[in-house]
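Undergrad: Below is the structure I would like to discuss, written out as C-alpha cells.
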Amino acid sequence: MHRYRTHTCAEANPALAGQTVRLSGWVHRKRDHGSLLFIDLRDHYGLTQIVCDQSDPVFPTLERVRVESVVCVTGQVVNRTAETVNPDIPTGQVEIRAREAEVLSAAEVLPIQVAGDQEFPEDLRLTYRFLDLRREKLHANMVLRSRVISSLRRRMTDQGFLEYQTPILTASSPEGARDFLVPSRLHPGQFYALPQAPQQFKQLLMVSGFDRYFQIAPCFRDEDSRADRSPGEFYQLDFEMSFVTQEDVFAAIEPVLQGIFEEFADGRAVTPAPFPRIPFDEAMLKYGSDKPDLRNPLLIADVSTHFENGGFGLFARGIAGGSVVRAIPAPGAAGQPRGWYDKLNDWARENGAGGLGYIIFAEDGPKGPIAKNLEEDRVEALRVQMGLKAGDSVFFACDKPLKAAKFAGLVRERICDDLGLREKDVFRFCWTVDFPMYERNEDTGQIEFSHNPFSMPQGEMEALETMDPLDIKAYQYDIVCNGVELSSGAIRNHRPDIMLKAFEIAGYPAEEVEARFGGMLRAFRFGAPPHGGSAPGIDRIVMLLAGEPNIREVILFPMNGQAQDLLMQAPSPVTEKQLRELHIRVQLPPRAAEGGSRKGSGDGAAAAAPDKA
RNA sequence: GCGGGUGUAGCUCAGUUGGUUAGAGCGCUGGCCUGUCACGCCAGAGGUCGCGGGUUCAAGUCCCGUCACUCGCGCCA
C-alpha cells in the first residue's frame, strides 16, 4: 500500500465498498459526538467522511487532531445506510471506517477559517494566503485560471502561433508607465528595467521572420492599483502577426476569445464573432467612454440643437461658448421620488459637474426646471429625438465636448445601475476602433500622441502630410468586454520614414527619435514586414469568467493596494553588502528618514539604514 | 498626491440622546453526547473600543489630529 494514499478524497464510492483504502488530506471539519467521531477529510479533489468510535484504536488520535491538520487515514470503505447518505457531496454514499491514522502535520489555531464562507479582512487573507487558497472559492478561481491559460495556449498554437520567451531584464523604455528598475552590478550606475510589455521584442520577432508569435507574458508597471489593476505585475496573452491588416488581427483573436468565454461561460451568453466594431468617436458620443459596457442599454445623444439660443439660458450660453449638451435617457424614471433626483444632483457635483439637469416626462406633461424655461416645441422635439414617452426622464450633461462625453458616460452608468437596467449573465464584447492618432494637450496646447506612437496612422504618409493631425485616425483598437478593457493593440508603423514624420508632428526632432528608439528604427531599415497584434489581459479575462469584482481574487499571491507582498514581506530592506555590490546608496525621503513608519509595517523604510556605508 | 468608506474579542458584527461591570455568533479551552454532515447541549477564557490629543462630572459614542485597510481620482505609451 502506498505510503500516503491509494485514492484521492473525491474517489470514494460504493464500488469500493469493502476495500481498504488510504487517504491523506486536511481535516476540514470535525463532528465529535463524544464516543462517535466524524471527520471530513479534504484534498484538492474532494471531501470524504471518515468515521470512528471510541472502540477504535485510532479514536484518541483523531479526537485530538485540530482542523486543517494534515492526516493520513487508512480504513475500510463502507456504504452508508439509506438514512445517513449525504446527497450534497459526491462521496456522500460512503464513508471510511478508520483503522489507522497518522498525523502528518499538526495545525495550530487558525487566523482565518478554511471551512465555511465567512469573510475575512484582506490584509489577513494576504498574510495567510496559503490558508485562503485552501478555501473553496479562491481554490476554484486558481484552477479556472490554470484551465483558461492552458486553453488559450491550445487555441493559439492551433492557429499557427508559436510561443517564445522574451527577456525579463531589459532596457527602460522612454515612453509609457513608470518602470521597475534593477541595478547593474557589472555596470555601476546603470539599470535594467522590467518590461512593461514585450512590445519591442515582439515587433523584433516579426522583423526576424517568425510570422506569428504569442506568449503568456508577464508585464511590470510601477503604477498605483485599482480593483481591476494589480500593482506591479500582470499577465497578457501577447501576440503579433506579420503581413496582416486590422481585420486579419480581429479574425485571428476573436475566435480565441469567443471560444474561451464560451468554454468557461457556465451558461452565460457570449457575443458571437464577429464582435461589433465601434469607432472611437461614436463610442464617446453614444456611451461616453472608449470602453462601452454593452450590457447597459442606455444610449447618449447630442441634443445641443434643441438648446441653442433656447429659453434655458445656462445651456444656451454654454453652447454659445463652445459647449455641447448630451442627453442620457432614464426610461421609466418619471415615478422616481424627488429625493432620487436630488441625490443624483449631489453626486454630479461631487464628480466635478455643476449639477445634473433633467426633464421628467410626467403623464401630464414635462416637469422640472429645464422644462419650465425651455420652449415647449423644443422640449417636444427633444423628446421625439430621444424616443422617450410619458413616464420617462432624461438627464443632461453640458460642457466642452470631451468633458460632456465623459460625464454623460458616468451618468449613463449610474442611471443604469439605479434603475436596475444592466443585462445579467452575459459577456458583451465589442472592438473600439479608429482611435485618434493625436490629441491636443489641454494644458500646453501641444499636439501629442493619444495612444501608442508606434501605431500606423490610417492613410499612412499621405495622411501625415496632408491632414489636420487631430483628424488623423490610427490603426489602433481596444477589445472590450462588459465595459472592461481587455487589451489594446495596433497595426504597427514599420516604416522609418513614416515614423519620423509621425514623431515630427508630435514635436520630436529626428535626432531625438533616433536616440530614443534607435534599436527599433535600425531593425526597420533592414526589411521589416507590415505587422500588428494585441495583448488581452489574462487576469481580467479570468476575473470576468470567475465573476469576481476584484483582480486579487484571481491571482495566487497578489500584493496589496500599497504594492506590498504581506506573505513574503516584499519589498524589504537588503544588506549593506548587497547595496555595496550594486553601487547603491539609499537616500530616504525626510519623513521615512525620521524613523516614522509612514506605510505598512515600516520596515521597508526604517531598516535600510542608508548612512552606515 | 487628493477624495469617499471602514476600524469594538483571533474573526464577523451589535452597542440607543454621552451615563452601571462593552455584548452576540463563529473560533478557542473544559465537560456531556453512538449517526452527524454548518452536529447538539452546558460552562469558561478572551477587549489598549486602531493610535494620540481635546471637550465633559462622565467618551466606544462628540471634536481635532494621525495610522492602517479599501474604493475612486490623478497615473496607467
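First residue shown is number 1, and so on along the chain.
In case you wondered, yes, glycine gets a Cβ from its N, Cα and C as well.
Curation does not apply to TrEMBL; its annotations are automatic.
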Undergrad: What range among A:99-102, A:163-166, A:199-202, A:451-454 does TrEMBL record as region 'Aspartate'?
TA: A:199-202
Undergrad: TrEMBL has A:Arg221, A:Asp222, A:Glu223, A:Gly537, A:Ile538, A:Asp539, A:Arg540 binding ATP. Which one of A:Glu175, A:Glu263, A:Glu485, A:Glu581 is in the same site?
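TA: Between A:Glu175, A:Glu263, A:Glu485, A:Glu581, TrEMBL records just one in the ATP site with A:Arg221, A:Asp222, A:Glu223, A:Gly537, A:Ile538, A:Asp539, A:Arg540, namely A:Glu485.
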Undergrad: Six or more residues beyond either end and a Cβ under 8 Å away: which residues meet both conditions relative to the region 'Aspartate' (A:199-202)?
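TA: Sequence-distant neighbours of the region 'Aspartate' (A:199-202): 166-167, 170, 173, 213, 215, 238-240, 454, 519-520, 533.
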Undergrad: Identify, in sequence order, the residues in the chain of A:Gly537 (ATP binding site) that are 6 or more apart from it along the sequence and have a CB within less than 8 Å of its CB; answer 'none' if there are none.
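TA: Long-range Cβ contacts: A:Phe234, A:Tyr235, A:Gln236, A:Leu237, A:Glu485, A:Leu486, A:Ser487.
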Undergrad: In whole Å, how far is A:His33 (site 'Important for tRNA non-discrimination') from A:Ile538 (ATP binding site) when you measure between their Cα atoms?
TA: 48
Undergrad: When the number of other CB atoms within 10 A of each residue's CB is tallied over all shown chains, which of the binding-site residues A:Glu175, A:Asp222, A:Glu223, A:Glu485, A:Asp539 has the maximum?
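TA: Answer by Cβ density within 10 Å: A:Asp539.
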Undergrad: Going along the chain, which residues six or more apart from A:Arg492 (L-aspartate binding site) have their CB under 8 A from its CB?
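TA: Long-range Cβ contacts: A:Gln203, A:Phe454, A:Ser455, A:Met456, A:Pro530, A:His531, A:Gly532, A:Gly533.
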Undergrad: Treating G and I as helix alongside H, and B as strand alongside E, what does DSSP give for the region 'Aspartate' (A:199-202) in helix, strand and coil?
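TA: The breakdown for the region 'Aspartate' (A:199-202) reads 4 helix, 0 strand, 0 coil.
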Undergrad: Under DSSP, is A:Arg492 (L-aspartate binding site) helix, strand or coil?
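TA: It is in a strand.
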